[in-house]
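Undergrad: Per Swiss-Prot, the feature compositional bias 'Low complexity' maps to 42-55. Annotated compositional bias 'Basic and acidic residues' per Swiss-Prot: 56-67, in sequence order. The feature region 'Disordered' is assigned by Swiss-Prot to 40-92. The topological domain 'Cytoplasmic' annotation in Swiss-Prot covers 1-164, 232-275. As annotated by Swiss-Prot, topological domain 'Lumenal' applies to 186-211. Under the heading transmembrane segment, Swiss-Prot lists 165-185, 212-231, 276-296.
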Amino acid sequence: MSEPVVDTAELSAEEKKRLLRERRQAKMSKGKATARLNDILSQGSSVKTSGVKSVLDQEKEATPSHDEDPEIQDITEITTPPPRTPPIGEDAPQDIDKIFQSMLQQQGQGADTAGDPFAQIMKMFNQVEGGDSPPSESATSTQDPAELKYRQELLEYNTYNQKLWKFRFLLVRVSVTLFNFFYHYINLSNFHASNYAYVRDLSSEKYPVRDFFTWFATTEVVLVAAYYSIFHSLGLFHAANQNSFVLKAMSMGSMVLPQLEHYKPLVARFLGYYELLGIVLGDLSLVIVLFGLLSFAN
């Protein structure tokens, strides 16, 4: 169907421009935009180039639709936790032990930690871990796992050695006390307990209990002196007191009252001598039980 013939004389200038624009758009829509563009560009040139392509002839890219299903995410990306971001300028710590040791190292480098509760807590943990020996500079600054393992094994060995020597002394004390008691009981017919003071003050020929207590006191002095000498030479005398409830309570209280740190060595020494007194009281309790059984038998 041909377009109707329009008298151009009767058309105004605006209508002429509109008709020309519509004709150009109709030609462009038929795929001739590239040819027309090349004709315009090649005017005045002896060689025609067809390397230019109009944007009207280019295929439009498909617009992504928001109604489409999203891409399925890999399940491993959900189950695998993201890696922990290390601090700036530092490597990522391997485990909680290294973090704790790093905190101890920073606490050991501080000059004045008396008013810092966190520093006092770190110091208390370090003292409990290290036993009776004070933490040296090399011990607090080391980050070598082999060194930390050695310190842990040394602490376990000292604890085992301490229990072993206590058990040995317990066997010796009980054996000596029983031997002293049964020796007098078997060899002396009048060996028995008495409630009267004048009987206990008699000589060993008339009342052999006095001779028994003389030997008992002598052996106790020898055993206590040997116990102190051996434990002090092995470095175990004060180590047994570091895990006592009193020193732990003082370490906790020193976070509030730092003055308690000055009294801890005195309390530790008192607990050590109290342990020696406990040896004598324990052996004396055994003697009381033996004389009680002897009185019940007679």
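Positions of Cβ are set from backbone N, Cα and C atoms, glycine also.
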Undergrad: Looking only at the topological domain 'Cytoplasmic' (232-275), how are its residues distributed among DSSP helix, strand and coil?
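TA: Taking the topological domain 'Cytoplasmic' (232-275) as a whole: 31 helix, 0 strand, 13 coil.
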Undergrad: Could you give the mean pLDDT over the topological domain 'Cytoplasmic' (232-275), rounded to a whole number?
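TA: Across the topological domain 'Cytoplasmic' (232-275), the average pLDDT comes out at 77.
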